[in-house]
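Pulled from TrEMBL:
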ACT_SITE  Cys120  active site, proton donor
BINDING   Lys22, Asn23  phosphoenolpyruvate binding site
BINDING   Arg96, Arg125, Pro126, Val127, Asp128, Leu129, Lys165, Val166, Ser167, Val168, Asp310, Ile332  UDP-N-acetyl-alpha-D-glucosamine binding site
DOMAIN    7-411  domain 'Enolpyruvate transferase'
MOD_RES   Cys120  2-(S-cysteinyl)pyruvic acid O-phosphothioketal
Amino acid sequence: MDRIRIRGGNPLKGEIRISGAKNAALPLMCTCLLTDDEVRLDNVPDLADITTLTNLLAHLGVEVTTRQSLKGRSISFSAKGLAVTTAPYDLVRKMRASVLVLGPLVARHGQAKVSLPGGCAIGTRPVDLHIKGLQQMGAEIELDSGYILAKAPNGLKGCEITFPKVSVGATENLLMAATLAKGETHLINAAREPEISDLAACLNAMGAKIDGIGTDHLKIQGVERLHGCTHSVVADRIEAGTYAMAAAITGGEVELVGLHHELIGAAASTLSQAGVSLTETPRGLLVKRKNGALNGVDVMTEPFPGFPTDLQAQMMALMTTAEGASMITETIFENRFMHVPELTRMGASINVHGSSAMVRGVKKLTGAPVMATDLRASVSLVLAGLTAEGDTYLNRVYHLDRGYEKLTDKLSACGAEIERLSDAAAE
Ligand SMILES: CC(=O)N[C@H]1[C@@H](OP(=O)(O)OP(=O)(O)OC[C@H]2O[C@@H](n3ccc(=O)[nH]c3=O)[C@H](O)[C@@H]2O)O[C@H](CO)[C@@H](O)[C@@H]1O
Ligand SMILES: C=C(OP(=O)(O)O)C(=O)O
């Protein structure tokens with residue numbers, strides 16, 4: 001298994017082009033199941049999760065064509081020859097977002113059999129809200145032998161769905177399903193993440209009638225059919241936030257290219273309070289420390305526009321060498337502190353009490369062999385390694401491949417001493 005070696009201490013200097021967002025691209029790819037026409041996505045990141053979903057769509061009978069151009073990677077999807085409506089366990093277990101095929105399959109093909117995705121390292125992550133919403137829209141759903149069996153032979157019906165808690169995935173699944181339902185659907189207390197607005201914009205370009213985009217109340221007037229479109233995937237705000245913190249933790253100066261300021265949401269004001277300046281440039285955002293040291297700030301994860309859980313581990317790494325203390329509270333997932341013991345092994349001072357972690361800034365971190373169990377925990381250890389004294393060896397690099405396109409290239413281009421060691425070299 002590959003490892004990453006980082007020799008810490010170099011301030012990052014330069015520019016980093018932000019890729020298309022993984023969490024936008026995945027639901028966007030599932031829109032192809034709603035039409036016989038071709039859906040072309042531009043700015044698709046080259047990530048393991050995209051490959052996993054591509055394999056699942058191909059298994060269903062979707063024709064997939066990938067093109068690489070100067071503008072980035074484009075993938076076209078044509079579900080005209082859709083032959084199968086079963087998403088098997090082996091393809092779903094690799095990535096929870098595979099459950100996003102459920103809504104489109106039921107809406108357009110009247111049936112679906114989708115493996116329950118199960119939990120993962122960060123929490124149990126049920127899909128009850130996806131299922132209840134589809135039932136409210138008239139689907140008959142049974143759970144059998146680890147599969148969701150859904151039927152709606154006469155189509156789905158519009159209705160009013162009020163989510164008891166904000167769910168990104170359930171909002172996306174039901175939004176896609178509602179585009180082809182009969183009548184009007186209201187999704188209330190819907191998630192407002194920019195990736196959902198991107199999905200809604202793509203669906204409208206396909207002929208859907210969605211109002212309230214960017215709010216927590218989406219109104220969808222169902223239509224008979226959708227057509228194809230070309231859509232460019234929105235920039236990855238989590239990747240951008242990660243590199244902003246990489247610039248800050250190393251005391252460097254990095255321009256994040258291809259990103260609109262408002263995408264960063266609450267993370268921008270939290271970073272500003274911590275002593276990081278984020279200045280809009282014609283191409284994106286310039287990130288550096290305001291003046292010298294970073295200072296501890298309290299952070300609580302929340303649905304958008306609050307501070308994202310997907311930046312919590314990185315923020316914790318940033319706080320390990322800040323002046324003073326920082327209380328970091330995770331409210332979205334019950335087990336998202338897997339990076340704590342590893343950061344502690346690098347010299348961080350962190351105490352966890354339930355869903356909060358108290359970080360007391362230390363003078364320096366030291367490199368160590370570390371491993372992580374999920375994507376953002378892994379990248380938080382990369383950030384720690386960039387500032388640590390000596391070498392850090394990060395194991396289980398495959399987690400990073402899920403969500404960070406060309407991570408070592410992007411960081412090396414800004415002066416980081418970071419390299420990927422292949423199997424043989426890692427022994
Ligand atoms: C591919 C993708 O976009 N993944 C993102 C998505 O995950 P995902 O869509 O899985 O996350 P959700 O917003 O659905 O989850 C939020 C909370 O709701 C709970 N819940 C969710 C659905 C449900 O049916 N029942 C239920 O109880 C979850 O366990 C969690 O505690 O949003 C998360 C929260 O911003 C991010 O961390 C993930 O990176
Ligand atoms: C938790 C994440 O992804 P997923 O929902 O696919 O597990 C993430 O991107 O941080």
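Glycine too: its Cβ is placed from the backbone N, Cα and C atoms.
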Using a 10 Å radius around each Cβ and counting other Cβ atoms from all shown chains, which of the binding-site residues Lys22, Pro126 yields the largest count?
-> Lys22
Cβ contacts of Asp310 (UDP-N-acetyl-alpha-D-glucosamine binding site) (under 8 Å, same chain, 6 or more positions away) = Asn23, Ile238, Arg376
Per residue, counting other C-beta atoms within 10 angstroms of the C-beta, which of the binding-site residues Arg96, Lys165 reaches the highest number?
-> Arg96
Any idea what the Cα distance is from Cys120 (active site, proton donor) over to Arg96 (UDP-N-acetyl-alpha-D-glucosamine binding site), rounded to a whole Å?
-> 8
Listed in sequence order, the recorded positions from Lys22, Asn23, Cys120, Asp128, Asp310 whose CB sits under 6 Å from ligand 1 are Asn23, Asp128, Asp310
Could you measure between Pro126 (UDP-N-acetyl-alpha-D-glucosamine binding site) and Lys22 (phosphoenolpyruvate binding site) for me? Cα positions, answer in whole angstrom.
-> 21
Arg96, Arg125, Pro126, Val127, Asp128, Leu129, Lys165, Val166, Ser167, Val168, Asp310, Ile332 bind UDP-N-acetyl-alpha-D-glucosamine per the record; greatest CA separation between any two, in Å, is 22
Among Asn23, Ser167, the one of these binding-site residues whose Cβ has the fewest neighbouring Cβ atoms within 10 Å = Ser167
